[in-house]
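J.: Here's a structure for you.
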Amino acid sequence: MKLLEDKILKEGILLEGNILKVDSFLNHQMDVKLFNEIGKEFKRRFEGCSINKILTIEASGIGIATIVSQYFDFCPVVFAKKVDAANMDKDTYESKVHSFTKNKTYNVRVSKKYINKGDKILLIDDFLANGCAALGLIDIIKQGGAELIGVGIAIEKGFQKGRKELEKVGAKVESLAILDKIENDKVYFK
């Protein structure tokens, strides 16, 4: 998606360790106009797919998933919680997820009320690196007896193993901007 690639080139900041900082438009301050175009593009890429729920993980995927929802008949958006809260149902699906960016492992949870047998789920997230977050969410989808329709990613680090890991479990992966490499303080797209 050229619009997203241009935004990355213009506003993205490269940090040590192949970390691309896009907090000015994607995962801290949100460019809603860009998110709207992202939603349209995911609708185009998953056209004809029967989707009745969108699943993401807190926190950065929530904004994108919410906008994407309007292009799939405003289907519910469910997000896996990383932190145990007093008001969280005790009856949950759980999976361990390792964050590449934070180098931390989380036990993510979704209430069993919100993932049901027969649900057709589109997984949405801001980044794909090693695939750990997406694999954890796919595990939760399976625990609930639901069906994964596909995985929509805003930015994929194509030089990491995430896509391969997701394709191993049969996931259809659609990424809007695929980084081929980060070299000499420059981003190169596939």
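Cβ atoms are placed via backbone N, Cα and C, with glycine included.
According to Swiss-Prot, the protein has these features:
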| type | residues | note |
| --- | --- | --- |
| BINDING | LEU20, ASN27, LYS157 | xanthine binding site |
| BINDING | ALA129, ASN130, GLY131, CYS132, ALA133 | 5-phospho-alpha-D-ribose 1-diphosphate binding site |
J.: Under a three-state reduction of DSSP output, how is LEU20 (xanthine binding site) classified: helix, strand, or coil?
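T.: DSSP assigns LEU20 (xanthine binding site) to strand.
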J.: For the binding-site residues LEU20, ALA129, CYS132, ALA133, which Cβ has the most other Cβ atoms within 10 Å, all shown protein chains included?
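T.: Ranked by Cβ atoms within 10 Å, first place goes to ALA133.
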J.: Fill in the CA-CA distance, ALA133 (5-phospho-alpha-D-ribose 1-diphosphate binding site) to LEU20 (xanthine binding site), as an integer in Å.
T.: 17
J.: Counting other Cβ atoms within 10 Å of each Cβ, which of the binding-site residues ASN27, ASN130, GLY131, LYS157 scores lowest?
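T.: Selected from the binding-site residues ASN27, ASN130, GLY131, LYS157 on minimum Cβ neighbours within 10 Å: ASN130.
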J.: Have a look at the binding-site residues LEU20, ASN27, LYS157 and say which one has the shortest Cα distance to ALA129 (5-phospho-alpha-D-ribose 1-diphosphate binding site).
T.: LYS157
J.: Max CA to CA distance in Å over the xanthine-binding set LEU20, ASN27, LYS157?
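T.: With LEU20, ASN27, LYS157 as the binding residues for xanthine, the largest Cα distance is 16 Å.
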J.: Please report the DSSP secondary structure of ASN27 (xanthine binding site), reduced to three states.
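T.: The residue in question, ASN27 (xanthine binding site), is coil (DSSP, three-state).
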